[in-house]
Each structure stands twice: as structure tokens, then as C-alpha cells.
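Reviewing the structure listed below.
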């Protein structure tokens, strides 16, 4: 199933957003609505009294078939703050370890009354398969599918950019560095940035870690990190997705850090007010140094806190 078909599966017969499966194909208006709702959540703070009953009495399930820290727990917190009952699915302790399919798992939980499924899976096609079998009134949210899509990460990164640089992206110079080929975060970010009218998007990484499927069309692409830094407003550092890549694509971690690691010296070559983002988990000393990750230009922890607010916005938009 292609991405266009998956995009269309997100909408009901009236054209309203029913699921969140990918940012590709979402309108600027829809993206801005979700970001505006998330910004309102930020203004309310970590204890939004007025929203405690938005999902009261509703059961949602975090259905994760891959490890997660930030995404899983921020979705859990988001659903709790909206008053939902949250089930945390552990694949290793479930009947999937006995051969049950993801679709059968979802349908059984749906039969028990779960109305919202937040799903992470290593295979891209599974998200589409689940969307095809859920019943009317049940919502599916993609929390990361293989190396193709991670829509809520894309949204929280856009919110963080708005906070750091304002709502007009047209003059921004953004630089993505690292393993773009295997990064679902990069893909979702690039789709969102194009829809929101980003200025110049630069992409840098080893040739073996750059995609050749048209994703980088319109981007400035180079293998020379140092040459790409001048005037950059935003640096998005991406980890090596070693669980998804073939052996030998990178000679060594030391070699990678020497060529693509963000150090304080390299950051000094970007714009003076440049900000650093990283979706996590961070591999310190590989793609980024401690000094930069913990420094004043790092917005990495803001990304983590924004994750809760964005995921609240998605849940209340689809289920509220």
C-alpha cells in the first residue's frame, strides 16, 4: 500500500480527520489547527484543570511493538491529563508472543471497549492494515512506523520551532544531520516543513545514509557537514538507526563523530541564535557532544515537554 492510500485512510467520508497516520497530505490548515491546540495546552501548563474530563470514561491503549521512552510515556501522560483510562500493552507479555497478529490483538481490545489505539510498529504496512480493520468510532494514531512516519514527532518539532523562531518559517535555514535514510522523524519533519513553507532545508550525512527515493527533492544536500553550517538557524541532529541499517554503512562511531558530530566549535559556525533539536534517544559523543546537548542553544528537553502537549492536542482532536 502506498503513502497516498494511507493518507486517504486518515479521513472519514466527510473529509474530517479520523486517524493520524502520516503528516504527508495533511493541509496547512489542519497542521496549524493541531499546533494551535497544542500551544493552548502549553499555556495551560502541566495540570490543565479545564481539560480533565475531555476523555473521561474513554479507554485508550498504547499498543507498542517497539521500545519507546518519550513517545509512549508522553502519550500516557497526555491521555491521563485528559481523563482517559490508559492501557499499556507489552508485546513480550501478550498473545503476540504466541503468534497472534497485530490486527487480531487490536480487534480483541476494541471488543473490550478500547476506542483509541496509539500504535508503534517496526513494519510500515501494519499501520495501514490496522486502519483498515478498526471499527467505526475507533481512532488510530501512528506513534512511529518503521522508518517511514512518525507524525506526532513531526508535530512537536514544528511546535518547538514556532516557540524558538516564530510562526513564519519562510526565512529559516534548517539543517538535518545524520542518518536520514532510516529516520522516520526526518521524513515526517520534511513533510511538515514543506507544507508550512520552510525557507531552505539542508541535509547532510554520509552518502550511504541519504535516501534516494525523492524525499530530498528541493533540499540542499551535501556530505560535508562543516560546509553546510554557515547561517543555519536550526540544526536537527539524528542518531544512527543501527537497528534498521545494514552492517558496514559507517566505518566506526569515532569516524562518524569526527565527520558528523555536533561540537561547540561546529555550532559556533551556525547563526548566533541557532537552536539545536534532537528527537532522542541521544547518543552522546556520537552525533552530539555533552556540551552542546546540555548547552543554552539546546531545545531538546523542550521537545520532550512539547510532546505531551502535542499528543494531548491529537487525542482531544480525534477523540474529544
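Cβ atoms here come from the backbone N, Cα and C positions, even for glycine.
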Among 115, 120, 242, which residue does Swiss-Prot name as a further carbamoyl phosphate binder in the site formed by 70, 71, 150, 153, 280, 281?
120
Which of these binding-site residues has the least crowded Cβ, counting other Cβ atoms within 10 Å: 70, 150, 184, 239?
70
Which residues, same chain and not among 70, 71, 120, 150, 153, 280, 281, have a CB within 8 angstroms of the centroid of the CB atoms at the recorded carbamoyl phosphate site?
68, 69, 143, 144, 185, 279, 307
Distance between residue 153 (carbamoyl phosphate binding site) and residue 239 (L-aspartate binding site) at the Cα atoms, whole Å?
15
Pairwise Cα distance for residue 71 (carbamoyl phosphate binding site)/residue 184 (L-aspartate binding site) [Å, integer]:
13
Other CB atoms, at most 10 A from the CB of residue 120 (carbamoyl phosphate binding site):
24
DSSP three-state assignment for residue 280 (carbamoyl phosphate binding site):
coil
Considering all pairs of residues in 70, 71, 120, 150, 153, 280, 281, annotated in the record as contacting carbamoyl phosphate, what is the maximal C-alpha distance expressed in whole angstrom?
16
